[in-house]
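Engineer: Sharing a structure below in structure tokens format, with a few things to ask.
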Ligand SMILES: O=C(O)CCC(=O)N[C@@H](CCC(=O)O)C(=O)O
Ligand SMILES: [Zn+2]
């Protein structure tokens, strides 16, 4: 049942409401399409209340396969549930189409004052309500949200996380868990971004990240081998165990210095389309030109470009520009 949940959600046959059943160590509840809650019979004392989301962008399939394998291990009784977990399949229609989104980028809509209409805004409201209700049910536990993605292009650091901007600090053990899961770099956001992980951190004080786990490829084309340590971290969270830790010595930390925003139709980036994430550009380099905003030229110190995408909607982020920063204490 659980192993088929993702496939059935995508087929659109997962339409019955309030279905539930047993698994090793607990129960599962299918609240509505693409929203699955796992509820342990006994919670480990230190278990986190975990939100694990996949498929917020429909063409990012590796995390769907990775978490699908974790659910299959649970169902086969090879793992025992020991933590409350909300599993979210973000944008089923976009996943069916193999597209990043259908009408608008879901991962910019997670704000409580959202007043837009349409499929993705409605989905964002459904997901925010599900997260609110889940964290309210587990108010006594530390909260965690890992939103699992893959990136459009190659990267100097194939596996990295974005740490959303918020008032609540990231706990130091998160860096050690992520290092053990073979995450190679961290990008600290410099301002509110209204992504799904930002939602959980900003409104719920959760330990929250957007995780970039390699490149976006179609189903069946992913090599999950480099993601095995991440699979082990997810297994530990599901079991409510303390995850493995590793030294963060080799992890590289960046902070966003500037966000390039597309202001006009006549906008272009001045470097190759296949430029890998975290490529560094020297002062004086022109990075973008926009009919409204003019040219963007690197000043003072080199800047590393992350998530460059000239084809975004008007007013949306076309790239993050970052600089190395000291590791957190
Ligand atoms: O590779 C790309 O250009 C985009 C990959 C992606 O979807 N990244 C997330 C990052 C979210 C964040 O800033 O926390 C996104 O753009 O939504
Ligand atoms: Zn994504």
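The backbone N, Cα and C atoms fix where each Cβ goes, and this holds for glycine too.
Residues or ranges marked as active site by TrEMBL: 212. What TrEMBL lists as Zn(2+) binding site is 57, 60, 149. Among the features that TrEMBL reports, domain 'Succinylglutamate desuccinylase/Aspartoacylase catalytic' is placed at 49-228. If you look up TrEMBL, you'll see 250-324 marked as domain 'AstE/AspA barrel-sandwich hybrid'.
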Engineer: Quick one: pull the CA-CA distance for residue 57 (Zn(2+) binding site) versus the residue listed as 'active site', whole Å only.
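Structural biologist: Answer for this pair: 12 Å between alpha carbons.
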Engineer: Fewest neighbouring Cβ atoms within 10 Å: which of the binding-site residues 57, 149?
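Structural biologist: Counting other Cβ atoms within 10 Å of each of the binding-site residues 57, 149 gives the minimum at 57.
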Engineer: To the nearest whole angstrom, what is the C-alpha distance linking the residue listed as 'active site' and residue 60 (Zn(2+) binding site)?
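Structural biologist: With distance taken Cα to Cα, residue 60 (Zn(2+) binding site) is 10 Å from the residue listed as 'active site'.
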Engineer: DSSP-wise, what's the residue breakdown of the domain 'AstE/AspA barrel-sandwich hybrid' (250-324) into helix, strand and coil?
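Structural biologist: Reading the DSSP string over the domain 'AstE/AspA barrel-sandwich hybrid' (250-324) gives 0 helix, 38 strand, 37 coil.
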Engineer: Over the span of the domain 'Succinylglutamate desuccinylase/Aspartoacylase catalytic' (49-228), how high is the average pLDDT in this prediction?
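Structural biologist: The average pLDDT of the model in the domain 'Succinylglutamate desuccinylase/Aspartoacylase catalytic' (49-228) works out to 97.
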Engineer: Taking the recorded Zn(2+) site as 57, 60, 149, identify the other residues of that chain whose CB atom sits within 8 Å of the mean position of the site's CB atoms, giving them in sequence order.
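Structural biologist: Near the Zn(2+) site, beyond 57, 60, 149, sit 55, 56, 58, 59, 63, 100, 107, 148, 150, 151, 216.
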Engineer: Per DSSP, to which secondary structure element type does residue 57 (Zn(2+) binding site) belong, with helix, strand and coil as the options?
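Structural biologist: Residue 57 (Zn(2+) binding site) sits in coil per DSSP, no helix or strand.
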Engineer: Can you tell me how many other Cβ atoms are located within 10 Å of the Cβ belonging to residue 212 (active site)?
Structural biologist: 27
Engineer: List the residues of the same chain that sit at least 6 positions away from residue 60 (Zn(2+) binding site) in sequence and have their Cβ under 8 Å from its Cβ, in sequence order, or write 'none'.
Structural biologist: 54, 100, 148, 149, 150, 216
